[in-house]
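Enquirer: Sharing the feature lines straight out of TrEMBL:
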- 1-417: domain 'Major facilitator superfamily (MFS) profile' (DOMAIN)
- 27-46: transmembrane segment (TRANSMEM)
- 53-72: transmembrane segment (TRANSMEM)
- 114-133: transmembrane segment (TRANSMEM)
- 145-165: transmembrane segment (TRANSMEM)
- 199-220: transmembrane segment (TRANSMEM)
- 248-269: transmembrane segment (TRANSMEM)
- 281-302: transmembrane segment (TRANSMEM)
- 308-336: transmembrane segment (TRANSMEM)
- 387-411: transmembrane segment (TRANSMEM)
- 424-449: region 'Disordered' (REGION)
Amino acid sequence: MIRNENGNYRNRSHLISIVLKILHLTFYNIFICSFMVAAPIFGYLGDRFNRKVILSCGIFFWSIVTLSSSFISKEYYWLFVLSRGLVGIGESSYSSISPTIIGDLFTNNSRTMMLSVFYLAIPLGSGLGYILGSSAKEAAGDWHWALRVSPVLGITAGTLILLFVPEPKRGSADQMGGRIKTRTSWFCDMKALAKNRSYVFSSFASAAVSFATGAFGMWIPLYLARAQVVQKTAEPCTQEICSSTDSIIFGVITCVTGLLGVVIGAATTRLCRQKTERADPLVCAVSMLGSAIFICLIFVVAKKSIVGAYVCIFIGETLLFLNWAITADILMFVVIPTRRATAVAFQSFTSHLLGDAGSPYLIGLISDALQQSYATSALWRFLSLGYALMLCPFIIVLGGMFFLATALFFLDDREKAEKQGVTHVKGELHSDANSGANPVRHRANRKSQSAKSAQELTQAVLAINLLVCLHRLLLATAPLI
C-alpha cells in the first residue's frame, strides 16, 4: 500500500511538472509568434520613418504591458497570456531597428566593435534573467516581482534613447547619407533580399543558432537535474516549485559565455580580415562546427560528471555565441541602408520561425515519445531527453554549412551593395555640380557631421544596450513563471 501511495505521488508530481512545462512553452511561443508577426511591420516602418520614435514607442508599450500583467489574477489567466503576446511587439521594435541605427553611424571594424557592444546585452540580460528570476521566485515564492522591476528599468532605457540616441541619415556611415532620395516598394525590397544569396544563407545559419539556444534554454537545466538524480547526488523533485540551482548555474554560464563569445568573435574577425576578405562568414562557420563537437560531448559526460557537462556547455556556448555580432555585420555589408531594417526584421522572423519557435516543442515531443514505455524510470527520462537534445548539434553543423555557403557569395554580394551606393553618390554629386554646390565643402561638412555623430553614438549604443539587456532579462524569466 505504501508502495502504491509513493507511486501515485510520483505520478502526480510528474503530471504537475508536465503541465507546468506545457505552460512555459505556451507563454514562450505566444511571445515568439507575436514577435514574428510584428517584426516585418517594424522593418517596413524602420526603413521609411523616424526610427528613434518608433523604437521609443515600442519600449514604453512593452514596459506598461509588462507592469500591468504582474497584477493580473488567476481568474484572468487568458489576459496574462495575451499580455505575453503584446510584449513580443516591444522585442520586434528594437531588434529590427536598433542595429540599423548603429550601422548608419559606423562602418568596417568600428561597426563590428559597436555591434559587439550591442549584442553583449543579449547574453548579459538572458543570464541575469535566469539568475534574478530564479532567485526572486525562491525568495518571495512569487514570480510577479521580476515583472514589476524590469518595466521601470525599461522606461528608463526608453527615456535615455529619446535623449541621447541620434537619428542618423540612412547610409551616412557609408557616405550615402542624404543621397538616397528614392524609396523602393516593399515588394521590390523583398525581391532584392531573396536574390541576395549571402543574406539568405546567413539567415538560415542564424535560424540554426536560434534552434539550439531555444532548446537549450528550455531543457538543459532539466536535463542536468535529471543527470544528478541518476548519479544519486540529488533527489527527484516532488514539489511544485523546485530548487533552481541548475537554472542559476546555467544562467551564469550563458551570461559569461555570451560575453566571451561576442568579444572573441569581434576580435577574431578583426584579425582574420587582415588575411582574407571572407573572414566574417568563415569565422562563423568554424565556430559553429567547433561548437557542435563540444555540445555532443555534453551528452556523453553528463551521466558520470556534472562538472564535465558544465565545461562542455561553457566551451560549446562560447563558440556558438561567437557569430551573433558577426552575422549582423554580414547583413550590413551586403544590404543597402534603405533595406536594412526590413532585412533585419525578416532575418529575425526566419530565425524564430525555423529556430526557437519550434525547437523546445520538438525536443519535448521527441523526449516524450522515447520515454513512453519507461515513464517511471529516472534513468530513461534522463536518457530520452539527452537523445532528443542530440538533434541540436546536427542542426548546428547544418548552420555551419550555411555560413560556408555565405562565404562563397559574400564578396559578390558586398560588391553589388557598394555599387548601388556608388550610383547614388555619383547622381548626387552630379546634381550638386549643376546647382553650383561645392563638392569639397560638402565632403568637409559631412566629415564634421560624421565625427559628431560618432561621438554621440557612444552614448547611443550604451542606451540601446541597456534596453536590450533589460528586455532579454524579462524574456528569460518566461520559462520561470
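Quick reminder: no glycine exception, Cβ is built from N, Cα and C everywhere.
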Enquirer: Could you name the stretch, out of 27-46, 53-72, 387-411, with the greatest number of CB pairs under 8 A to the transmembrane segment (281-302)?
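Expert: Of the candidates 27-46, 53-72, 387-411, 387-411 scores highest.
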Enquirer: May I ask you to check whether the transmembrane segment (199-220) and the transmembrane segment (308-336) make contact, with contact taken as at least three Cβ pairs under 8 Å and only pairs 6 or more apart in sequence counted?
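Expert: In contact, yes.
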Enquirer: Using a Cβ-Cβ cut-off of under 8 Å, list the residues of the same chain that are 6+ residues beyond the ends of the transmembrane segment (308-336) and lie near it.
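Expert: Residues 99, 103, 111-112, 115-116, 118-119, 122-123, 171, 180, 193, 196, 198-199, 202, 205-206, 209, 212-213, 216, 220, 224, 227, 249-250, 253-254, 256-258, 260-262, 264-266, 268-269, 280-281, 283-284, 287-288, 290-295, 297-298, 301-302, 343-344, 347, 396, 403, 406, 410, 413-414, 416-417, 420-421 contact the transmembrane segment (308-336) from elsewhere in the chain.
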Enquirer: Relative to the transmembrane segment (145-165), which of 53-72, 248-269, 387-411 accounts for the most Cβ pairs at distances under 8 Å?
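Expert: Ranking 53-72, 248-269, 387-411 by Cβ pairs under 8 Å to the transmembrane segment (145-165) puts 53-72 first.
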